[in-house]
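A.B. asks: I'd like to ask some things about the structure below.
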Ligand SMILES: NC(=O)C1=CN([C@@H]2O[C@H](COP(=O)(O)OP(=O)(O)OC[C@H]3O[C@@H](n4cnc5c(N)ncnc54)[C@H](OP(=O)(O)O)[C@@H]3O)[C@@H](O)[C@H]2O)C=CC1
Ligand SMILES: O=C(O)[C@@H]1CCC=N1
């Protein structure tokens, strides 16, 4: 079933990106979208796009069929307290707060409620998110509705909740990790003679093409790497030097550090 009215609580990086992705998708009318945030100035831009805006979270949540909690993890409890009177059992509640479990949410909202934990990334604004979804027992009957909604905003997978911390690191933090590679390559490009703008253009298109090589074929990355690394050639010299300096190991250790941060707080 297609979702009716959506309310997003929190108009920050992610709340705003979700609204922009929804508007771009045309999946639902701007008038069926509501966003709430205490800051009036951030709401004005959304109002201009025909989206309903509120500084009062409870008012914003009242009319919704589906409420997305897009506030920082440490604001989730306070926000749920504010909107609880509007969280009737027929409403779908979606939290994107990192590290806030379904059982944490059920304690605050109620065991009978329909609750999803969803982990998107900032590319949701361009309908290019990787979004991981899990839900509680009541959520099963509404999974298609929620997955179809996020399918409009990129790619989705339904996962066991125990994998949600790993999903957060790979897919949500992953945007920043990938862009650090891009930045580092740009810095190298500038040292070799390109201006920053040209270095960014060349690096970004190269990364996009490399990603498409594995996405379009399903090939393992090493299969495509093998096609680039001429024996005694230039690429293997650079790759081996990166590995001597700990490239793969640094990436893995960074992922695990982020994972431990979610798991241990
Ligand atoms: N950023 C990312 O890439 C991702 C983030 N997430 C999760 O999404 C959530 C939001 O992150 P992000 O968008 O980056 O954070 P932001 O701080 O950018 O956005 C949160 C917004 O909520 C506002 N806010 C604060 N208190 C309230 C309140 N009581 N009621 C309504 N709005 C309030 C904030 O205002 P103010 O700034 O004034 O406090 C801010 O505008 C987090 O839980 C995070 O873990 C998940 C996936 C990816
Ligand atoms: O860094 C964070 O805590 C959030 C969650 C995932 C991406 N950004």
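Just so it is clear, glycine is given a Cβ too, placed from its N, Cα and C backbone atoms.
Since we're looking at a predicted model, the values are computed, not measured.
Straight out of TrEMBL:
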type    : residues                              : note
BINDING : 9, 10, 11, 12, 13, 14, 70, 71, 72, 73 : NADP(+) binding site
BINDING : 57                                    : NADPH binding site
DOMAIN  : 5-99                                  : domain 'Pyrroline-5-carboxylate reductase catalytic N-terminal'
DOMAIN  : 161-262                               : domain 'Pyrroline-5-carboxylate reductase dimerisation'
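Could you place the listed features in the three-dimensional structure?
C.D. replies: In the three-state DSSP scheme, residue 11 (NADP(+) binding site) falls into the coil class. Non-local contacts of residue 11 (NADP(+) binding site) by the CB criterion (under 8 A, 6+ apart in sequence, same chain) comprise 19, 35, 36, 37, 39, 42, 43, 46, 53, 70.
Around the Cβ of residue 57 (NADPH binding site), the same chain contributes 9, 36, 79, 82, 83, each under 8 angstroms and 6 or more positions distant in sequence.
Residue counts of the domain 'Pyrroline-5-carboxylate reductase catalytic N-terminal' (5-99) by helix, strand and coil are 45 helix, 19 strand, 31 coil (DSSP-based).
Helix, strand and coil counts from DSSP across the domain 'Pyrroline-5-carboxylate reductase dimerisation' (161-262) read 88 helix, 0 strand, 14 coil.
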A.B. asks: If you measure every Cα to Cα pair among 9, 10, 11, 12, 13, 14, 70, 71, 72, 73, the residues listed for NADP(+), what is the largest value in Å?
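C.D. replies: Pairwise Cα check on 9, 10, 11, 12, 13, 14, 70, 71, 72, 73 gives a maximum of 14 Å.
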